[in-house]
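Structure first, commentary second.
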Amino acid sequence: MSLASTQKKSFGAVLWDYLTTVDHKKLGNMYIVAGAFFFILGGIEALVIRIQLMKPENDFISAGLYNEMITMHGTTMIFFAAMPILLGLMNAIMPLQIGARDVAFPFLNSLGFWLFLFGGIMLNLSWFLGGAPDAGWTAYTPLSTQSPGHGVDFYVMGLQLSGAGTLIGGINFLVTIVTMRGPGMTYMRMPLFTWTTFIASILILFAFPALTVGLFLLMFDRMFGSAFFDVALGGNSIIWQHLFWIFGHPEVYILILPAFGIFSEIFPVFSKKRLFGYSSMVFATFMIAFLGFMVWAHHMLTVGLGPVANSIFAVATMAIAVPTGIKIFNWLATMWGGSIRINSAMLWSLAFIPSFTIGGMTGVMLATATADYQYHDTYFVIGHFHYVIVGGTLFGILAGLHYWWPKLFGKVLHEGMGKIAFWIFFIGFHLTFFVQHFLGLMGMPRRYWVFLENQGLDTGNLVSTIGAFLMTIGTIIFIINIVYTSIKGEKASADPWGTGRTLEWAVSSPPPEYNFKKLPLVRGLDAYWIEKMDGNDKMTPAEPLVDIHMPNGSILPVTMTIGFFIASFGFIYQVDNKSWLALVFIGFAIALGSMLIRSLKDDHGYHIHKEDLEREAD
Amino acid sequence: MSQDHSLNLKNSHEDPAKATMEGKNKFLGLWFFLGGETVLFASFFATYLSLRESTAGGPTSQELFGLELVFIMTVLLLTSSLTSVYAIYHMKNNNFKKMQLWFGITALLGIAFLACEIYEFAHYIIEYEFTFRSSAFGSAFYTLVGFHGGHVVFGLSWLISLMVRNAKRGLSLYNAPKYNTFAIYWHFIDVVWVFIFTVVYLMGMVS
């Protein structure tokens, strides 16, 4: 344990510590906790949707509320649940894996977190301030420009805030991996999770600005009377679709690639074998990322871009199945002949392979441009993308949480509950979404709040709703597991699985604030495993014990974020009354003032002296 | 990350902007940031290109644009990029006074550019009643050029606060990376303007 945390602190001091922290591990945990909170919100919304569709012509909620539910479910799950939890894992684990003491920009790391959190709060405040956004998570114009009230405004400002935070996070990870790798950690010795963090960050860097622009245009149209999407003044609605999907398609790879990285860590550890085809895995990840930018228009195959454009985008989309297939076979080959240990983390990983493969297969079906006219905007699409996002990303998150929980929170999750939660959730997942493919093929459109009886849709929808309840039960058991483990769980050792291969398992669980007392010397891929095979129980240090330089904490990320948060309200409400513009100025004064203080006030950090380090146990 | 070396420039023979880990990180981080900015402006350019004929009966680009003012603005901004190169040259030679002087000229040129832009926008609005709300072309024009102008404003505030803050302190390994990242950012703004000059004004005059 670190020196500071061995003393009991008051609640206020703890709160202040979390508000000002720039420690990547604490921020990682904060991302995960906040993401889990939004995941529960999004889950409740999903459950409401499924209850409404449980039987024909149900009147559980009104049509308008249903539209708000589907919009908020999608937006929350993608931007405020899946992404932050992945960013949290990246934050907490990646610097440990490369043998670094922190990320390149600890201050920006904190700023990124707070922007994300306040963006999520902004979006969800819409429920209490006159209604949530109701134009779908894709917010297609002119539906979104015509949507009355302020719902879509909250969507625009909330996503703009959190999008800026994500972009900052992506840049931070990129620089960290390029400049902060420890001694001996060459690129081709980096663990796959670090590689996927790197490549997903490239995607964030080049994808998010397109969303930023799209949101600006939508904001200007809704709040300042511009005419980008106003056909009467020469505007063009398709611009939104292009900008949204130029961001939106890479976004799905931002969600799945880190999950691929997580599985690539778990399979070797629990098969006691090195990852099969390491370099082909790295190459495949790059291929997916590259092709991921070439395929955005497959979301628009029915828009009427013409046969040439459709064919190009269809072929590019199908091509992605090749590197993905390489990965699937590599994972299978990793397990082949290994001494496999099946626990919760491994169960989620094993379940991922068939589930995601089904999602990939329906993806190729959807990519077939001519056939897409049949599938487009039906439940077939819903089935497809839940198979890849739940079966891929969410299974990856859950596998990663079970795998890294001891490293993040110092305790091993309860295995029995983990397995029960897995089986209930896994069965529920397939019940919910498998049948939706057929509902879609039978013509059930997405986003409709009711369906008629005796159309052959009754049984399928009921089965789907039952599955959703099973997933809820699985999630509740997982939450109980977390609570139980926090109270009763035993403290985890540095390498609780016994077969850890990468550097994060060479430091205590949870790691001290400076991560490595002496930076470790990396002698090859799976650095810790190499030491183990040579009979060492510790990493060979690459440096003598020296003072460790640490960054100072700062409250400025919070004040900057609050400034932008206040300004966002100003932007939203100045439509009704121009005096709200005052809030814009106040908010920007706070935000820019904080930036000015940050820029002008010297911040050299502090040192942990080696005398203090010597006194701490290893 | 260790910072055992002092922040005193005299002991260093390296480029002061990249002698520390923090300096290297800032340098690289800014380049990545500019990668994202490129996509941002590319998206604005694409939007502008698809809407530049959509004048909805309002003024067209041929009626509006005059190359004289835009030529002056281009000269101002390109020159300011050059002067920032001189400033960085003096930074590398540890000549703080001359660096501040050349950055001062950079700031003046930037302000002059901005003044021209404000005059240009006011001219369009008053003479032609061509506004942000007139047509999709108007929205796209003011958004693209305005976002560039916003970047200039931000860059100027950044530069001036840096110069004022460090006026009495001289150059150190702590503030050299800050000046250096500003200079790279400023060049990027200049490059974007070159594209605006070509795509918005030149193409707007001929077609």
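The backbone N, Cα and C atoms fix where each Cβ goes, glycine too.
What TrEMBL records for A:10-523 is domain 'Cytochrome oxidase subunit I profile'.
Summarising the annotation, TrEMBL assigns transmembrane segment to A:31-53 (among others).
Same-chain residues lying 6+ beyond the ends of the transmembrane segment (A:73-93) with a Cβ under 8 Å from its Cβ atoms: 24-25, 27-32, 34-36, 38-39, 41-42, 45-46, 49, 103, 109, 112, 116, 119-120, 123-124, 133, 136-138, 155, 159, 162-163, 166, 169, 173, 193, 197, 200, 251, 254-255, 258-259, 262, 389, 393-394, 397, 400-401, 404, 407-408, 504. Look at TrEMBL and you will find A:73-93 (among others) tagged as transmembrane segment.
Sequence-distant contacts of the transmembrane segment (A:105-129) (same chain, at least 6 residues past either end, Cβ-Cβ under 8 Å): 20-24, 27, 30-31, 34, 38, 41, 68, 72, 75-76, 79-80, 84, 87, 91, 150-151, 154-155, 157-166, 168-169, 171-172, 175-176, 551, 554, 556-558, 560-562, 564-565, 568, 598, 603. The annotation transmembrane segment is assigned in TrEMBL to A:105-129 (among others).
Summarising the annotation, TrEMBL assigns transmembrane segment to A:154-180 (among others). Remote same-chain partners of the transmembrane segment (A:154-180), defined as residues 6 or more beyond its termini with a Cβ less than 8 Å from a stretch Cβ, comprise 71, 75, 79-80, 83, 87, 90-91, 94-95, 98, 100, 102-105, 108-109, 111-116, 118-126, 129, 132-133, 135, 139, 144, 190, 194, 197-198, 200-205, 208-209, 211-212, 215-216, 218-219, 222, 561, 564-565, 568, 571-572.
Residues or ranges marked as transmembrane segment by TrEMBL: A:192-219 (among others). Within its own chain, the transmembrane segment (A:192-219) is flanked in space by residues 86, 89-90, 93-94, 97-98, 139, 141, 144-145, 152-153, 156-157, 159-160, 163-164, 166-167, 169-171, 173-174, 177, 226, 228-229, 239-240, 243-244, 246-248, 250-251, 253-254, 257-258, 260-262, 264-265, 275, 278, 281-282, 285-286, 289, 292-293, 502, 571, which lie at least six positions past its ends and keep a Cβ under 8 Å from the stretch.
Among the features that TrEMBL reports, transmembrane segment is placed at A:239-263 (among others). Within its own chain, the transmembrane segment (A:239-263) is flanked in space by residues 78, 82-83, 86, 89-90, 138-141, 144, 191-197, 199-200, 203-204, 206-208, 210-211, 213-214, 217-218, 228-229, 285, 288-289, 292-293, 295-300, 303, 327, 331, 349, 352, 385, 388-389, 392-393, 395-397, 399-400, 403, which lie at least six positions past its ends and keep a Cβ under 8 Å from the stretch.
The annotation transmembrane segment is assigned in TrEMBL to A:275-296 (among others). Proximity of distant same-chain residues to the transmembrane segment (A:275-296), defined by a Cβ-Cβ separation under 8 Å and at least 6 residues beyond the stretch ends, is recorded for 188, 192, 195-196, 199-200, 202-203, 206-207, 242, 245-246, 248-250, 252-253, 257, 260-261, 264, 267-268, 313, 316-317, 319-320, 322-324, 326-327, 330-331, 333-334, 336, 525.
Look at TrEMBL and you will find A:308-333 (among others) tagged as transmembrane segment. If you look at the transmembrane segment (A:308-333), the same-chain residues 6 or more away from its ends with a CB under 8 A from one of its CBs are 260, 263-264, 267, 275-277, 280-281, 283-285, 287-288, 291-292, 294-298, 301, 349, 353, 356-357, 360, 363-364, 367-369.
The transmembrane segment annotation in TrEMBL covers A:345-367 (among others).
The transmembrane segment annotation in TrEMBL covers A:420-442 (among others). Nonlocal intrachain contacts for the transmembrane segment (A:420-442), taken as residues 6+ away from its ends with a CB within less than 8 angstroms of a stretch CB, comprise 50, 344, 347-348, 351, 355, 358, 362, 374-375, 378-384, 386-387, 390-391, 398, 455-457, 460-461, 463-475, 477-478, 481.
According to TrEMBL, the transmembrane segment annotation covers A:462-484 (among others).
If you look up TrEMBL, you'll see A:579-597 (among others) marked as transmembrane segment.
Using a Cβ-Cβ cut-off under 8 Å and counting only residues 6 or more beyond its ends in the same chain, the transmembrane segment (A:31-53) has close neighbours at 60-61, 66, 69-70, 72-73, 76-77, 80-85, 87-89, 91-92, 113, 116-117, 120, 124, 401, 408, 432, 449-451, 461, 464-465, 468-469, 471-472, 475.
The average pLDDT for the domain 'Cytochrome oxidase subunit I profile' (A:10-523) in the predicted structure is 96.
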